[in-house]
Amino acid sequence: MCDSITETGLEAAQQRLLQYDGSVLPAVPPYHNLLAAMLGVGIQILALAMCMFVLGLGGVFYPFNRGRQLVALVAFYALTAGIAGYVGGLHYRRLGGTDWAPNARLCSAVLGAPFLAVFTCLNTIAATYRSTAAVPFSALSSLGLGWALVAFPLTMLGGFAARNARVEPLAGAGVGSSRAAKPSSDGSYRLWPCHHTTLLRAAMAGALLFWAVHIELWYLLASVWGLNLYALYTPLLAVFVLLVLNTALVTAACTLLDLQRLGVEDPGWWWNSFLCGGSTGIYVCGYCCYFFARSSMRGLLQTAFFLGYSAVACWALFLVLGAVGAHASLLVVRRTVALR
């Protein structure tokens, strides 16, 4: 019974796409400014990760000295900040936005604000315990100057470059269109009655992607938190590339299930694709909690450091995979619906 219903719904969506002439474009997704900023930051972190892998494969990092890795991580984050501003600005304009400066500032805050909040709390706890993990004031000043003089200006420069770039809007003929999506005849937007909710699709996609990489996570966490030594960048790069490719494929498949939304002028596929791709980060966060429960780390200092930095890393992974899934879905929608 379910198969017959879903096949009927798929045929109806395909028929609508065949009749689509491009005269009515999808409405603007809600919170499109935030969505564009998250897409830009996700691509920035992806570029940062690839730079770190290149240095790791080139033998630049010494396994017993993590200071060089941290310096490279901070430097690449600052140098790739322009990517976030540029990509975020392009998507913001593509969705009908006109004021590029607030979007560029939001790109700086999407990852920078959570990290700053977590880092401030953890550094305060470390200083209270007089731990060597506490960052001295001179290093804090250097990090602040690096962000203010390099990262933030590059983000604003990227947003300004996106403002002057040629972009074909997808949000409709009117700039900043906010037309509401129209529901189907039964008052819903679903195509597959058995898998119609966004959270269910995101949970299924995240579980599938997490299962493909969960074995490597234990060794990676054990290496990061000092329990083991892990310096095999080639397998780690292979796993990361497979995760990115699988995220693009799975999210594109989930977006195909939302084709009926396009037929009824619903832009919900933007956020649906982002959540389906980024949901793996939620599973990784749960796995980090499982790893902590199985480890010997105890006390406020160790607990705060592990959970705080793990939360920031999972948020970064959520942004990366969400951006990959959204861009893959955008490619599918462009080719299927022929917006261009």
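Every residue gets a Cβ built from N, Cα and C, even glycine.
Heads up, TrEMBL stuff is auto-annotated, nobody curated it.
What TrEMBL says about this one:
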- 34-64: transmembrane segment (TRANSMEM)
- 70-92: transmembrane segment (TRANSMEM)
- 104-127: transmembrane segment (TRANSMEM)
- 133-157: transmembrane segment (TRANSMEM)
- 199-221: transmembrane segment (TRANSMEM)
- 233-257: transmembrane segment (TRANSMEM)
- 269-293: transmembrane segment (TRANSMEM)
- 305-333: transmembrane segment (TRANSMEM)
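The stretch in 70-92, 104-127, 199-221, 269-293 that contributes the largest number of Cβ pairs under 8 Å to the transmembrane segment (34-64) is 70-92. Within the chain, the transmembrane segment (70-92) has long-range Cβ neighbours (under 8 A, six or more residues past its boundaries) at 32-33, 35-41, 43-44, 47-48, 51-52, 55, 60-61, 100, 103-104, 106-108, 110, 143, 146-147, 150-152, 154-163, 165, 167. For the transmembrane segment (233-257), the most Cβ-contacting stretch among 133-157, 269-293, 305-333 is 305-333 (pairs under 8 Å). The stretches the transmembrane segment (199-221) and the transmembrane segment (269-293) meet in space: the count of Cβ pairs below 8 angstroms, excluding pairs fewer than 6 apart in sequence, reaches at least three. Same-chain neighbours of the transmembrane segment (104-127): 33-34, 37-38, 40-41, 45, 81, 84-85, 88-89, 133-135, 140, 147, 151-152, 155-156, 158-160, 300-301, 304-305, 308-309, 311-312, 315-316, 319, counting only residues six or more beyond its ends whose CB sits under 8 Å from a CB of the stretch. Tertiary neighbourhood of the transmembrane segment (305-333): same-chain residues 35, 38-43, 45-46, 49, 110-111, 114-115, 118, 121-122, 126, 133, 209, 225, 243-244, 247-252, 254-256, 262, 269-270, 273-282, 284-285, 288-289, 292, 297, 339, selected by CB-CB distance under 8 Å and a gap of 6+ residues from either end.
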